Structure formats: structure tokens, C-alpha cells
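J.: This is the structure I have questions about; it appears just below.
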Amino acid sequence: MSFQLTILGTGSATPVLTRNPTAHYLHIEQDGYLIDCGEGTQNQLLRYKLRSTRLKYIFITHLHGDHYFGLIGLISTLNMHRRTDDLWIFGPKGLAEIITIQLKYSDAWLNFKVHFIETETEKTYQLFENECVTVTTIPLVHRVPCCGFLIKEKRGKRKLRKEVLPADLSIDEIKSLKEGYDILDENGQLKYSNATLTKPEVEPKSYAFCSDTLFHEPIIEIVRGVDLLYHEATFLKDLTARATQTCHSTAAQAAEIAERAKVKKLVIGHYSSRYKDLEPFLLEAKKIFENTILSTEGLTLDI
């Protein structure tokens, strides 16, 4: 299954010419998943040649402008392009009202249906499921209700080792093998072992998105072992007090979460506009968690 992330925005609330506000785009099979939608996100989709026609699900972490001010513009453009497919938007209380009012007072009539699903930001639970993935909320600690998202690939069917398949297998037995079951005879005894007739199972891929938050230990268990963790790092550790005051994290704190959760890779972002040189973020994080990379706009990662 294709599971690819493109980073569209790396900045925080104060705009700078070199960074756009937060937005991540996941391409999973044929569908697009957008996580946060800061101002200008639709331009970034164009810049990096990501097809908005495939965009099906949008997840908004919280109602600070640098995480959702691009949403009404994106919806309006989708409408001008004569979209007819439904769009699902997940976000905190108030988001549906805000977007509905904006559409009302701009006299916009959509050609497609928007489904708003309100998130409960104070607990972790499975928010969404389709044939490919599950999406679980990650409670975060910020100045307004806020949650991140854990997106996990579902286990696929087992692939058969055709070169060793017995000729007498029935269609039902082949289906059972693909589902991961052994084949038993009429007496309930093992006839064919699944492990012998199928290829080794590939572990499902996973990606966790933790936007604006204080250092928050409960995150660790929720994201444990994920393939890729995005965790905000607005400040360097010399401004830890400022990070605490504004309910943000430092690069060192993001790395500590990654290290303690034993994730495979960490990507940090949401840099304060005060920083021009981002190399100190990478150095600070790698002292704690070596497999850290900086988020840069247009960066594409195969998870």
C-alpha cells in the first residue's frame, strides 16, 4: 500500500517569507488526507503537484489560525473546480459553525457535500476508519482544545507463495490462507500451515502528528513504535520557559518524546519566526534522538 507524506508548511503563527503555516498531505492508496490547513495551503498543493481531486479527508487539530485559515479558501476553490465528491472534515467544536458562516455570508453554494465530524480533544479514541486505515486522536495540551492524530495502516491480506501451493486447495481454503488462517482437515488436524504457504507479513505503517502542545507524557504510549512521528518544536531549549508559557515544545522535548516512545523516525517543525537558521534545532534534537530530520516544505517521505 502506498503511504506517502508531503510536508506543505513548517512555520508557526507569525508569517515569514520562507515558511508557510502548518499543513501535511498524506497520500494513501488513491485518497488524499490533509492534516491541518494553514493559510496558503491550496497554493502549496499546486506548487508540489498534489491533486486536490484526490483530497477526501481533512483533519484539523485546533482553531488557531495558522492551522485552519486556509480551509475556507481550499473549499471555495474545490467548488469552483466543480467538485462533486463528498468531503469529510474532522475538527474541534466550532469549526463547522465557522466554515458554515463563511460560506453563508459569501453566498457560496457548494456542488458537493461536506461532512463535519467534531473531535473530542480530551481523550484518545478511534475517530475514523475506512478500508485502508484507522485514525486515532492524540490529546494535546495547548491554549485551546487540541488533539493530534495517529494514522495506522490496516493489516492487508497475506500474499500466497504460488510456487508451493498444493494443487488441491479449494477457493475457500485459498481465502482462508489470505486471511491468515491455517487449513485444517475434517478431523480438525493441521492440513496446511499458513506460515508455509504465505509470504512473511509486512508490518502495517503508521504516522503520528502532534501539533501545538506542551511536553505531554501521555503522548508517549499512544505513539509508541510508530514509523514516523511529527512533533512540533517551536523553540530551542534555551527558551523552555517561553515554550511552557505559550503551550509549545522545544526540539529537545520533541526528541525526548520520540526516544521514550521508541519511534523509528522523528520529524520536527512549527518553527518560531524568530529563528532564521534551523540547524540548531536538528543538533539539539539529535543529541537525544539520532534519527531526527527537519521538516522542510516540499519534503516527501515514503513511510
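For all residues, glycine too, the Cβ spot is worked out from N, Cα and C.
What TrEMBL shows for this protein is this:
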- ASP66: active site, proton acceptor (ACT_SITE)
- HIS62, HIS64, HIS142, ASP212: Zn(2+) 1 binding site (BINDING)
- ASP66, HIS67, ASP212, HIS270: Zn(2+) 2 binding site (BINDING)
J.: Restricting to the chain of HIS64 (Zn(2+) 1 binding site) and a gap of 6 or more, list residues whose Cβ falls under 8 Å of its Cβ, or answer none.
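T.: Expected: ALA13, HIS142, ARG143, VAL144, ASP212.
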J.: Between HIS270 (Zn(2+) 2 binding site) and ASP66 (active site, proton acceptor), how many Å separate their Cα atoms?
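T.: HIS270 (Zn(2+) 2 binding site) and ASP66 (active site, proton acceptor) have their Cα atoms 10 Å apart.
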J.: Using the Cβ centroid of ASP66, HIS67, ASP212, HIS270 as the reference point for the Zn(2+) 2 site, which residues of the same chain not in that list have Cβ within 8 Å?
T.: SER12, ALA13, PRO21, THR22, ASP36, GLY38, THR61, HIS62, HIS64, SER211, GLU232
J.: Rank the recorded positions ASP66, ASP212 by how many other Cβ atoms lie within 10 Å of each Cβ and give me the one with the fewest.
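T.: Fewest other Cβ atoms within 10 Å, among the recorded positions ASP66, ASP212, is found for ASP66.
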J.: Taking only same-chain residues 6+ apart in sequence, whose CB is under 8 Å from that of HIS62 (Zn(2+) 1 binding site), what do you get?
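T.: Sequence-distant Cβ neighbours: TYR68, PRO92, THR121, LEU140, HIS142, VAL144, PRO145, CYS146, CYS147, SER211, ASP212.
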J.: What are the other residues, in sequence order, whose C-beta lies within 8 angstroms of the center of the C-beta atoms of HIS62, HIS64, HIS142, ASP212 at the Zn(2+) 1 site?
T.: THR61, LEU63, HIS67, LEU140, ARG143, VAL144, CYS146, SER211, THR213, CYS247
J.: CB neighbours of HIS270 (Zn(2+) 2 binding site) within 10 A?
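T.: A 10 Å sphere around the Cβ of HIS270 (Zn(2+) 2 binding site) contains 29 other Cβ atoms.
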J.: Here the binding-site residues are HIS67, HIS142; which one has the lowest number of other Cβ atoms no more than 10 Å from its Cβ?
T.: HIS142
